[in-house]
Amino acid sequence: TYFILQGFSHLATLQIFLFEVVLLMFLVTMTGNTLIIIAASTDPALHTPMYYFLKNLAILEIGFTLNIVPKMLVDLLLGRRAISFSACALQLFFVLSFITSECFLLAAMAYDRYTAICHPLHYATRMNRRVCFQMVTACWLAGIPPSVGLTGWLFSYPFCGSKEIKHFFCDITPLLDLVCSDTYLFKVLLFFATTVIILIPFILIAASYLQIIRTILQMPSAEGRRRAFFTCFAHLVVVTLFYCTTGVIHLKPKSSVLADSKKLMALSYTVVTPMLNPIIYSLRNKEVKHALKKAFGRR
């Protein structure tokens, strides 16, 4: 009826230090993403496709963080590492759903930048409010089928032997280690689903940026090239951070990545990346800073 999350129990002397670090990053994540949502919602100057996508990315990051980090903080502080069968299934469902939606949302954001730079005269018609709403809705809905199918199928297997999950949250691979029946078909489907969910958006992003780079290099003005590149820089950094961690964990063969190494890499995309995203997008963004000043009554 319950599992035990191993978490970082092998680092017994660092539990309080890890708690303080993760808590700080959690607070920065929640604050930064909430401020982006407020700025993009309240300032008419930010009612553009780029900030509409960014607002939804911030909502995704908040949901993803709330799904994992509070439980991890309790485990680090109090050592209560037990998680019920149903809570584990629900956590896995949201992990799969949010990761899938973020993959496709990052691809949608890349298409937005491609349209803005490569087809500026048609940008207003191609990326109108209805199209943006449909794209964002599709990204959110894309996470539901794989999360329902994979979670339901995995938790229909019998679990036996050890109850300890070698991770700090309920993820597919450590849960599969506890299943005591043949999971060959599940692993085949999992590999196929993971490849589709991660690689298809990545291919779309790469194709968009190849066209963007080609267009930027053909611009006659150095200032125009600099401004065009700057509009893509934040998104490119976020994509790199997300895929360098998520792709390594979920696409590499199981034997090539040690369990403790996987936990550290998972920590980067569950805690570090959601914290960095709002900083990357808004730290040097005068529009966001101005919108926040207006929202909080400062001129």
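Including glycine, each Cβ sits where the backbone N, Cα and C put it.
Residues annotated as domain 'G-protein coupled receptors family 1 profile' in TrEMBL: 32-281.
Feature annotation from TrEMBL assigns transmembrane segment to 16-40 (among others).
Marked as transmembrane segment by TrEMBL: 52-69 (among others). Below 8 angstroms of C-beta separation, residues 22, 26, 29-30, 33-34, 36-37, 40-41, 91, 94-95, 98-99, 101-102, 105-106, 108-109, 112, 132, 136, 139-140, 168-169, 238, 270-271, 274, 277-278, 281 of the same chain, each at least six residues beyond the ends of the transmembrane segment (52-69), sit close to that stretch.
The annotation transmembrane segment is assigned in TrEMBL to 89-111 (among others).
Positions annotated as transmembrane segment by TrEMBL: 131-155 (among others).
Per TrEMBL, the feature transmembrane segment maps to 184-207 (among others).
TrEMBL lists 228-251 (among others) with the feature transmembrane segment.
Residues annotated as transmembrane segment in TrEMBL: 263-283 (among others). A Cβ distance under 8 Å defines the sequence-distant neighbours of the transmembrane segment (263-283), meaning residues of its chain 6+ beyond its ends; these are 8, 22, 25-26, 28-29, 32-33, 35-36, 39, 54, 57-58, 61-62, 64-65, 68-69, 167-169, 171, 234, 237-238, 241-242, 245-246, 248-249, 257, 289.
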Averaged pLDDT score, the domain 'G-protein coupled receptors family 1 profile' (32-281): 87
Same-chain residue ranges lying at least 6 outside the transmembrane segment (184-207) that approach it to Cβ under 8 Å: 99-100, 103-104, 106-107, 110-111, 146, 149-150, 153-154, 157, 172, 176, 239, 243, 246-247, 250-251
